[in-house]
Amino acid sequence: MKSNFSKFKDFIKYKKVAVVGIGVSNRPLIKFLVKLGAKVTAFDKKHREKLGSISLELEEIGVDLVLGENYLDKLDGYDVIFKTPSMRIDRPEFVKAKEAGAYITSEMEEFIKYCPAKVFGITGSDGKTTTTTLVYEMLKKEGYRTWVGGNIGTPLFANIEEMKEDHMVVLELSSFQLMTMDVSPEISLITNLSPNHLDVHKDFEEYVWAKKNIFKYQSSDNLLVLNKDDDLTNGMENEALGDVLKFSLVEKVYNGACLSNNKLTIQGKEICDSKDIKLKGRHNIANLLAAFCMVNKYVSIDSMKYVATNFSGVEHRCEFIREVNEVKYYNDSIASSPSRTLAGLNSFEKPVILIAGGYDKKIPFEPLAEGGYDKIKILILMGDTKNKIKSAFEKVISHKKCEMEIVIVNSMEEAVKVADNMAEKGDIITLSPACASFDMYPNFEIRGNEFKNIVNSL
């Protein structure tokens, strides 16, 4: 049952509130809390010089700042603490604050709790952003006032008072955001599950447990959408509290969506032919099927078909850049896990020259090597994980008695130069790192943009 936002306004007024993190996504939250009458202190590891003008901007509206290396040591004495999603709730500083009586929460928890609109929540290891965007586009095409947020778009909590009951909200939710959730969206989807973010989660079990929070608190009239082709998600049907729809690329599904004789269908109704879809790869057909399940109750077949046959993809996701000397370049910088890179490799008709490697999330690369060795012509590796990925592939190559050239490089520029020199006419070169970007870049967008800039300068 949704709570009225006036309850939150009454609760937060005059409260001593700490907001941990002064990043771009938290700034609207800080300003909104001030507007609601809270006494806000913003915490950040960065010093004033690094933060730039935002520190002055916040101080001018009455926000106190706690900055620098030991910033979390000063979390005592607050009524409410808004934590940044990637920070674990069991950090000693949060445990101590909670024991002292602080209410620890996050922007997303409070948003879902009080949002008057219908909320569609999407999580999973792969396909989240594309599916979130597809659901958003389908609802928008049908004529709904639709908002998009979570991991993409803009932070929505500051806009909550503009939202109405007949609006629609589509959220991409990470395991970090879901970890402390005690509220679930009315319509929820888990795209698939494979090991990811094990640098933050204790183990894969905890990662899966966090993902389940997207449906754990649903009611009997809510909907959960599950991937029938993924054993882990398929088995979650038994834990669902409301209705369940499933989607599949390989089996006929009557209570859900499937690919049947190259036709995309929802509950037996044909939407379109797979050859008419602009999105590249079977994984994107799965994303479309998942989106159909989510919007089935609210969107016409015509709106679904329009989006399916006109939507050409999201930047940094198997994005075609250009063709140089009959060699095609693709940017798949979003691929920050082995399973996502495998999905990208499967979307090409022939083995590719793959540029991979990056920040180490403590996840295994053996599944990528075993599933991808025959889809890669040349493997170019960089970043913290280069030797770890090389080792995984060398084992598989030795076992399969096959050949693959593996080249280690030290920068994106060198990777593109090597790929360009080694490529032959008709080859495909793709950046699909199988890793996060944080060893070399602040995020996957900046990594993808650098790759595109280098390719465009060839």
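The backbone N, Cα and C atoms fix where each Cβ goes, glycine too.
Some features that Swiss-Prot has for this protein:
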BINDING   G124, S125, D126, G127, K128, T129, T130  ATP binding site
Margin query: Can you give me the residues near the recorded ATP site, meaning same chain, not G124, S125, D126, G127, K128, T129, T130 themselves, Cβ no more than 8 Å from the center of the site's Cβ atoms?
Written below: I122, T131, T191, N192, N287, R340
Next item on the list: Would you mind ranking the binding-site residues S125, T129, T130 by how many other Cβ atoms sit within 10 Å of each Cβ and giving me the lowest?
Entry: T129
Item checked: Around the Cβ of G127 (ATP binding site), the count of other Cβ atoms that are within 10 Å -> 25
